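Notes follow the structure.
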Amino acid sequence: MKQIASDATEQVSVIDNPWASLRQYTDARIGLGRAGSSQPTRPHLAFQLAHAQARDAVHLALDTEKMTQELAEFGDVIHVSSQATDRATYLCRPDLGRRLDAESTERLEQWAASGAPPCLSLVVADGLSARAIHENVRAFLNIFVPMARDEGWSLGPIVLAEQARVALGDPVGELLGAEVEVMLIGERPGLSSPDSLGIYFTYHPHSGCRDSERNCISNVRRAGQGYEEAARLLHYLIREAKALGASGVALKDNSDTSSELGNGRDGNFLLS
Amino acid sequence: MSADYKTVIGQHTYRFSGLRDVMAKASPRRSGDELAGVAARSAEERVAAQMVLADTPLKAFLNDPLIPYEDDEVTRLIIDGHDKSAFSPVSSMTVGDFRNWLLSEAADASVLKRLSRGLMPEMAAAVSKIMRLQDLVLVGSRMRVETAFRNTIGLPGRLSTRLQPNHPTDNPAGIAASILDGLLYGSGDAVIGINPATDNTGNVVTLIKMLDEIIQRYNIPTQSCVLTHVTTSIEAIERGAPVDLVFQSIAGTQAANEGFGISLSLLKEGFEAAQSLKRGSVGQDAMYFETGQGSALSANGHHDVDQQTLEARAYAVAREFSPLLVNTVVGFIGPEYLFDGKQIIRAGLEDHFCGKLLGVPMGCDVCYTNHAEADQDDMDVLLTLLGTAGCNFIMGIPGSDDIMLNYQTTSFHDAQYARQLLGLAPAPEFDQWLQDMAISDAGHRLLVGEKLPAPFQHALEQS
């Protein structure tokens, strides 16, 4: 029987798009070609794979053993859980994901009774992608923690949180008496970014903080915003927040490097 | 004004505290109403509420507003704008009678069109709660809401698409690549609309100019939009930007709209700014609104009203400003409001039905996020049903993957599928352009293969 080679051969019944070279300008799924007017098999299955990876990232449990070991390098590790007892509850009840359960509150109170209030409290939380935590947190902290120490910022315990939303950091920071709360949390996985880490920080954290009182650095991952750059930005922003005595919209965020638009014409081949 | 809302099923008497409670408990199950704590506590209670609702006169909604008149400007808009003579053909009906009448041959396209200003959004929401999907599709398919700017959208036998060439950093070549891809797949007649990476007014103006130049260079009979806050669009117009459509996200309560940083008077300012430019050729419908079930609860402005009723109230806001496009972004909000494919599919069809019944040019962003229990198969079901229901437009994005907003919506290929399967065509003016450019033939089949239409071949060679 004749062997049909995979990538090298033309796909049978597929009309290719001669503009596939434009993919150099975007990660969008352009120039896929068509079978009739439908998506050909290869791009169809590539999409299915990306969705499967994003779905798996949402449901992957946080590997607390591995993370406890990794985080021990940076300080005491305290485990906490939100009031969302499982993934299904977590997804449907964002309110529960923002509250600590009773045991976790007790653990944090015990720590606070024995230690001085830290300058920074670090929370590492699964959020919507434990994969983002497994793959990025250690590399990020390896750069950020020495920066914080050089500044003389005292670090509280590293709080490892399960089934957590961003605002769970508020009661954690409040109980520890931290000046600044930093939360490293798995972001909502995108189709091409199942491993994206979000970093939120809040000056003077307390239960009931509004989202407008936080700042965020997002898309931190190997193929996204780099660790070095993210650590430097966080370091800069915390210094600004401490000087200002506030975070969130009050803090002028000069980090807006999000646009490559220019005059809209340069590089725009449709207008050349 | 209080009526007694109760019914007996077997040994059990189900009592409801008022019309708002009946509406919430009669809603087909969805996670957002459960999150709000207003949903039925059992399947039987839900049907009990539906039975009570079916026996409720439509007039009850006029006499007993779900959100008080004094507290909410959207309620005032609805009550003050209610057209009693348009309402008269159905004014003596109960919600259950209304469903029967909608399904009957008496309710044809012209009758339904005349009725729309006589209906409150709460009446549309109420009847939708006791309708099955097939009812929503069948009645939906009879209703036409046509609008026009540089082409005509919503005609029978047509399905338009918004070409959504988003790029995470607004890279001009990246945006252009997605636009070219979309146009060559026959997408973009509803609008070429970008979600910008930043709301910075300077960037927004540059994007608006860029889209305008592309539309002019290739003589495309369509309109552009940069989806930014209405105040930014007003500022862009003041700076002389060639704005076609003014965009805004809207919701069904004053409090939720305040969360979006808008009010009815601000929307009116945006509407007047858009009208002042008169940039349409075949019409001047110049607003583009987006909505979605759950947005009011998300903004903590829901007044214990169920999310589907609040969504219908957003259409009452939309219809004040003769929009070209109203788009329910149904699956974007996440599983805490619409948990899975089943809930998203039903919500999409409810929104289309209620919007059309209220006279709004309804389209749908057939979409989901990766943390919802949904996938491409669910979107195929919703897309196919919306196609049969006569939905005005859907989104179009390369390979279903929005690399900027991190969610999945319909691809250029998906629109071709729906058009091919259901015999639907793009807006007539755009369709003619596609044929003139040899992108598709008179039977709406794609033609582009090895060689591109000359102007695009030229552009590609410059890339």
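Every residue number used here counts from 1 along the chain in the order it is shown.
Yeah, the Cβs are placed from backbone N, Cα and C, and that goes for glycine too.
What TrEMBL lists as substrate binding site is B:R162, B:L163, B:Q164, B:N195, B:E290, B:D365. The feature adenosylcob(III)alamin binding site is assigned by TrEMBL to B:P196, B:Q248, B:S298, B:M404.
Structure coloured by features recorded in TrEMBL.
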{"residue": "B:R162", "record": "substrate binding site", "DSSP class": "strand"}
{"residue": "B:N195", "record": "substrate binding site", "DSSP class": "coil"}
{"residue": "B:Q248", "record": "adenosylcob(III)alamin binding site", "DSSP class": "strand"}
{"residue": "B:E290", "record": "substrate binding site", "DSSP class": "strand"}
{"residue": "B:S298", "record": "adenosylcob(III)alamin binding site", "DSSP class": "helix"}
{"residue": "B:D365", "record": "substrate binding site", "DSSP class": "coil"}
{"residue": "B:M404", "record": "adenosylcob(III)alamin binding site", "DSSP class": "coil"}
Between B:Q248 (adenosylcob(III)alamin binding site) and B:N195 (substrate binding site), the C-alpha gap once rounded to whole angstrom: 12
The number of other Cβ atoms within 10 Å of the Cβ of B:Q248 (adenosylcob(III)alamin binding site), counted over all protein chains shown, is 26
Cβ neighbour count within 10 Å, max among the binding-site residues B:Q164, B:N195, B:S298, goes to B:Q164
Tell me the Cβ neighbour count for B:P196 (adenosylcob(III)alamin binding site), meaning other Cβ atoms within 10 Å of its Cβ, over all protein chains shown. 23
Using the centroid of the Cβ atoms of B:R162, B:L163, B:Q164, B:N195, B:E290, B:D365 as reference, list every other same-chain residue with Cβ within 8 Å of it (recorded substrate site), in sequence order. B:N166, B:V191, B:G193, B:L227, B:N327, B:M395, B:I397, B:T409
Would you measure the largest Cα separation among B:P196, B:Q248, B:S298, B:M404 for the adenosylcob(III)alamin site and round it to whole Å? 22
Counting only other Cβ atoms and using a 10 Å cut-off, which of the binding-site residues B:L163, B:M404 scores lowest? B:M404
Taking Cα atoms as reference points, rank the binding-site residues B:R162, B:Q164, B:E290, B:D365 by distance from B:P196 (adenosylcob(III)alamin binding site) and give the first. B:Q164
Close binding-site residues near B:M404 (adenosylcob(III)alamin binding site), where close means Cα within 10 Å, chosen from B:R162, B:L163, B:N195, B:E290, B:D365: B:N195
Could you give the maximum C-alpha to C-alpha distance in Å for the residues B:R162, B:L163, B:Q164, B:N195, B:E290, B:D365 that bind substrate per the record? 15
Are there any residues at least 6 positions away along the chain from B:D365 (substrate binding site) with a Cβ closer than 8 Å to its Cβ? List them or say none. B:E290, B:N327, B:T328, B:V329, B:V330, B:G331, B:F332, B:I394, B:M395, B:T409, B:T410
Here the 10 Å Cβ neighbour count for B:E290 (substrate binding site) comes out at 21
For B:R162 (substrate binding site), the same-chain residues 6+ apart in sequence with C-beta under 8 angstroms from its C-beta are B:G188, B:A190, B:V191, B:I192, B:G193, B:L325, B:N327, B:G363, B:F393, B:I394, B:M395, B:G396
